Amino acid sequence: MRFAAAITEPTRTPTANAPTRRQTIKRMLAAAALLTTTALTGIGFGASPAHAEDEIRIGVIYPLTGAAASTGVELKAAAELAAAIVNKEIPAPPGLVAGIGLPHLNGAKIKLIFGDHQGNPQVGATEAERLITSEKVVALTGAYFSNVTATASQVAERYGVPFLNGESSSASLTQRKFKWFFRTTPHDDLFVGNFFTFLGDMEKKTGDKLRSVALFNENTLWGNETTKLQVKLAEEQKFTIAEKILYPAKTTQMTSEVQRIKAAAPAVIMQSSYLGDAILSMKTYKELGFSPKMLLANDAGFNDSEFLKTMGKDGEFVISREVWALDQAERNPLIKQVNDLMHQRTGVNFNGNSARAFTGIAVLADALDRAGSTKPDAIREALQKTDIPASGLIMPWKGVKFDANGQNELGQGIIVQVQGGQYVTVWPFDVATKPVVYPMPAWDGR
Amino acid sequence: MTADIFIQVLVSGLLIGLIYALVAVGLTLIFGVMDIVNFAHGEFLMLGMYASFWAFALFAIDPIVALPLTALLLFAVGVIVYQTVIRRILKAPMLSQIFATFGLMILLRGLAQFFWKPDHRLIPHSLVSGNIALGPVQFGLPQFVAALGAVGVTGALWMFLHRTRLGTALEATAIDREAATLMGIDGQKMFALAWGIGAACAGLAGGLIATFFPIFPEVGSNFILIAFVVVVLGGFGSVTGAFLAGIIVGLIEVLGGFLIGPEYKTAIVLSLLLVVLLVRPRGLLGKA
């Protein structure tokens, strides 16, 4: 029987497969042709030679296809909203930066020319080149992914075109001493630094000592980098590290880790975990009945939309860092108004990424207006002189003002806590919507 | 370090070790009977977890109550996998066998991701939840029940292999396939049975840990490496060996992680694998 099968099968296979394979190839060719035509028409439209004098072209590079496409589409919508406000297609909420449009450019309109980097640094660089050379954009913005921002901004640097980045957080981007690169968002180092400032503030507020800290980070690049930075900051700011654990990511049990932290009895745990490990560690804290005074999570797994869904009540009181939170709209009417505009247009609320993309375009428009010209040098000079107060922004920042490296020195992260199944802003105290629940209640006292 | 903490760590190690044992028992059974290493074993565990999850999400059946169902379902999966894939590669070179089960692993993961999304899920309110405190020692009820279940299932499997006619036939096939066939035992049936039972064990392990472990398509990869260490330490093909080895690995992992540092816990377990391979390649109770 087996032998017979062995003989019939190979003869059957090619004949049965041949037409389907041919069909597949045909289909693939058709799809490819379709893709090419759409891409070409896209370029054709963009490159329409009639550059009206009163139209200022800005290149925007985002991941519009590929794994991060859903985020890219959100970012694009936020950028378009900002452009519509600058162009006075929709009335600007009073006080918003760039809400006055471009009076110094005779009320010119900005036009966003989008490039798709597909999550690929090489494609990002090519798109930057295309936007600069054939689309003649006066400035670039994007690209969300830090590694793509790195390559795309290199191209801008070479051509001498300003590149304003709104949402990439790798610290190294503004350590390159670029002349044409500006970044509005705070970077990773600052976020980690915030934790220590926050602890200092909490000490003052509560009178408790929160100097003993356990570092509990996963052992990939991210966890290692975070640990190094935390050790450095802890030494500088006189915190003692009660325990330092780099645990193997995706582990089957965390009892040895949690047991060790429990034995070291720190006041605070600083934890960096992706989702699976974040869930397992919370389960293990509960199993071993361990609750420190504070659990400070470094974003990632603890801020994943799945975290609260899966953890339910057991996720309460975790404190994490964020760039933006929807509850900010309660505090600041401007944020509410702009968020309402976003919701009307797209049906979704702002989040940390789209709010930063919106702010990027707004800051760029503000500089364009003050420059009163579309010459790269003038725009760059205007960007350097940027000084936007917190009241003009939809971000929980102190304002926008660039240092010599192009980094916004007035940006800050916020710290959120899970309260009643929501992430609410608890720090900085001046933008907080709820007080911190402190200390974290014991498991059996919930 | 106080005695309390030491006992606590030992208990935690024992509890997770029993789970490792249950996962490894199925793996070692399949290997013992037909000399095929099943790389997709972790995926059987994953399927067991999802079976529990869907039983809970769709029909509100608690994972513990659903255990017989999970076992039955995974038994069927094991038999189907044998009939459709494994039967065709029994006489194939070892590399083909490895690639077949490896491919199966990728396929099952991919299907899980496709149908059930790559999200992490959790069963929120299981019958077993909360903690037990015995003096200073504390442990979760779900973990305790899972460990207890692991002991029960492994015990039942041992009884089946040594005290029933069918089980003895399976053992006979494991010892000498040719001779067993000559004695009138249907080898094909035995192989299918081994896959069914092996998959059911992994499925039961999945059902038991579903009460406290996050459920996601790649969850098998967390467990499979340790399961291999357990199988090697216990001796390829030995159910009793795998049971003891599971406990030993659990204890060493948790205790070593606690004493030396959690960053080294995987390294400690894998060093154990190397030592066993160097000093006693046939494992604790393996056939020489």
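Even glycines carry a Cβ here, placed using N, Cα and C.
Those TrEMBL annotations? Automatic predictions, nothing curated.
These come from TrEMBL:
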TRANSMEM  B:6-32  transmembrane segment
TRANSMEM  B:44-61  transmembrane segment
TRANSMEM  B:67-86  transmembrane segment
TRANSMEM  B:98-116  transmembrane segment
TRANSMEM  B:136-161  transmembrane segment
TRANSMEM  B:192-213  transmembrane segment
TRANSMEM  B:219-236  transmembrane segment
TRANSMEM  B:267-285  transmembrane segment
Ask   = When you scan the chain for residues with a C-beta under 8 Å from the transmembrane segment (B:6-32), skipping those not six or more beyond its ends, what do you find?
value = 38, 41-42, 44-45, 136-139, 143-144, 146-147, 149-151, 153-154, 157, 174, 194-195, 197-202, 204-205, 208-209, 223, 226-228, 230-231, 234-239, 241-255, 258
Message = With Cβ-Cβ distances below 8 Å as the criterion, list the same-chain residues six or more beyond the ends of the transmembrane segment (B:192-213) that contact it, or say none.
response = 19, 22-23, 25-27, 29-30, 32-34, 38, 41-42, 44-53, 63-64, 66-67, 70-79, 81-83, 86, 123, 126, 128-129, 140, 142-143, 145-146, 149-150, 153, 157, 160, 166, 170, 173, 219
Message = Tell me if the transmembrane segment (B:219-236) touches the transmembrane segment (B:44-61). I count contact as 3 or more CB pairs below 8 A, with pairs 6 or more residues apart.
response = yes
Task = Give me the stretch from B:67-86, B:136-161, B:219-236 with the greatest number of Cβ pairs under 8 Å to the transmembrane segment (B:98-116).
result = B:67-86
Ask   = Near the transmembrane segment (B:267-285), which residues from the same chain, at least 6 beyond its ends, have a CB less than 8 A from one of its CBs?
value = 225-226, 228-229, 231-236, 238, 240-241, 244-245, 249, 252-253, 256-257, 260
